[in-house]
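K.L.:
Got a structure here, written out as structure tokens. Questions coming.
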Amino acid sequence: MTQYAFHFDATRCTGCKTCEFACKDYKDLDADSAYRKVYECAGGETVRDADGCIRTTCFSYPVSISCNHCDSPACMQVCPTGAMHKDDQSGLVSVDEGKCIGCGYCHMACPYNSPKVDREKGHSVKCDGCAERLSAGESPVCVEACPARALAFGPVEEMGKLGERASIAPLPDASLTYPNLFVKACADAQPSDSRAGKIVNPLEVL
Amino acid sequence: MPLGFETALGEITLVLFTTLAPSGIVACAIMAGVLVFSPLGAAERIRINRGLCIPLVITMVGLVASATHLGSPANALYVFLGVGRSPLSNEVFAAVLFLASCGLYWLFCFTEKQYVTAQKAWCVFVIVTGAVCVGAIARAYDAPTIVTWSTPFVPANVWLSAFAGGPLLGMASLRVARAVCLHRLASKVLLAVSFAALVANLSVLAAQSIDLFNIWNGYGTAASLVPWYPAMVVLYGMAGIAAVLFVAAGMRGGKLPSASKLGACCVLFFAGLFVVRFGFYMMHMTYGVGI
């Protein structure tokens, strides 16, 4: 088996959201759905000190994530029917639509806000790593669309060489589900356990 | 509107389920306990057997409500594949087991000849499956990634609210069945259990409310998802205590409140519980970026 993984280069990402919209276009998603989302994490303050100097600790950086096809997926563990499953060959996590009951427990348990129940379809939907493109020898559409080349996709051994397993805020500590997302952190990036930053675009990502 | 409001609104049928089902199950178990342990005349036994349909229907309303939020109920049988692994599968399995045991018992009691020994043994089974079912509901959301739900407060809330509402509903159902035992010690014991569980539940809810300020993810604290939680707990407390006091007032002088008054007290209690259960779904938050 080859476990596939994403790489996100936070030193390159500009937060343009082209990845998100390329995915929405390719998967024909409606306005309320997105399989890839760009979280804007910002914090700090600007103050005038006793000498009259303006000092700032402000920071802001985007984090682009989709399903991370974790080694220990929370969605799979709670799924009552086994519809949420990991492919034996690629390690990609996807939904068996013939088994899913649309209970939404996968959505409730995922710390990456990835699966969601499509009420019209009656089952969970999520990023499947563009499995059909992968089998045709192509990259996921989000990776191909990124104008800054901040995203990459490939075997976990290769992606692991490009960065650390994702543990930057606002993402949870990697030990929770062992996501197959490897990140090259930017200078502003805060560790997962930091409370210095907050997601400042909640309406875009929820 | 707080971010958590939409979450709770989307799960409104589960709010109804967790409001009604645990108390309904405990009320069924109470009636089953009366059928096992109380000395009953033949006519009284038949009335209580038939009255069992009241808490059973209320439990079923909750369970049916919970099923309406499913996107593809046609695939529901696959749920049993996850028994032992998924908390939700365990809950559904336990609920089916309880409904089967209690529903079939109720049907069995319509036989012309009353098989009392078999009924008593079956009632013990109903009590056991009821306890398993409430336990499974209490642990249904115990996923380690859901930081606001994977706490000891959550199962404690389910158990204590079941033991606060169950005795009130059991008392109302026994009153409809004109159970003689209510005129003896049973009504006082049931009221005392309900009151004690209510007070304990309010304490747990208050502690949980304070703990929400210590739980956070990328969006902020869990308390910010459900800023009205303290007010919701107070409202639940007022409704619950009012319900218990109305019942207690009706018991002065060795009398019993009428079935309709007991029913009204149950409605009052469940209305308060519904509010605090809505708050529970508002506080949903995972580690990381999920709410």
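Backbone N, Cα and C atoms are what each Cβ position is placed from, and that goes for glycine too.
Pulled from TrEMBL, these are the listed features:
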TRANSMEM  B:12-40  transmembrane segment
TRANSMEM  B:52-72  transmembrane segment
TRANSMEM  B:92-109  transmembrane segment
TRANSMEM  B:121-138  transmembrane segment
TRANSMEM  B:158-177  transmembrane segment
TRANSMEM  B:189-208  transmembrane segment
TRANSMEM  B:228-250  transmembrane segment
TRANSMEM  B:262-283  transmembrane segment
K.L.:
Would the transmembrane segment (B:228-250) count as touching the transmembrane segment (B:12-40), i.e. at least 3 C-beta pairs under 8 angstroms with sequence separation of 6+?
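P.N.:
No, since the transmembrane segment (B:12-40) and the transmembrane segment (B:228-250) share fewer than 3 Cβ pairs closer than 8 Å, they do not count as touching.
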K.L.:
Should anything in the same chain at least six residues away from the transmembrane segment (B:121-138) have a Cβ under 8 Å from its Cβ atoms, list it; otherwise answer none.
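P.N.:
Beyond its ends, the transmembrane segment (B:121-138) has Cβ neighbours at 18, 21-22, 25-26, 28-29, 32-33, 35-36, 87, 90-91, 93-95, 97-98, 101-102, 105, 108, 154-155, 158-159, 162.
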K.L.:
Where else in the chain does the transmembrane segment (B:189-208) make close Cβ contacts, counting only residues six or more beyond its ends and a cut-off under 8 Å?
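P.N.:
Contacts of the transmembrane segment (B:189-208) (Cβ under 8 Å, skipping residues fewer than 6 from its ends): 30, 151, 153, 156-157, 160-168, 170-171, 230, 233, 236-237, 240-241, 244, 247-248, 251, 276.
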K.L.:
Counting only CB pairs under 8 A, let me know which of B:52-72, B:158-177, B:262-283 has the most with the transmembrane segment (B:228-250).
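P.N.:
By Cβ pairs under 8 Å, B:262-283 leads among B:52-72, B:158-177, B:262-283.
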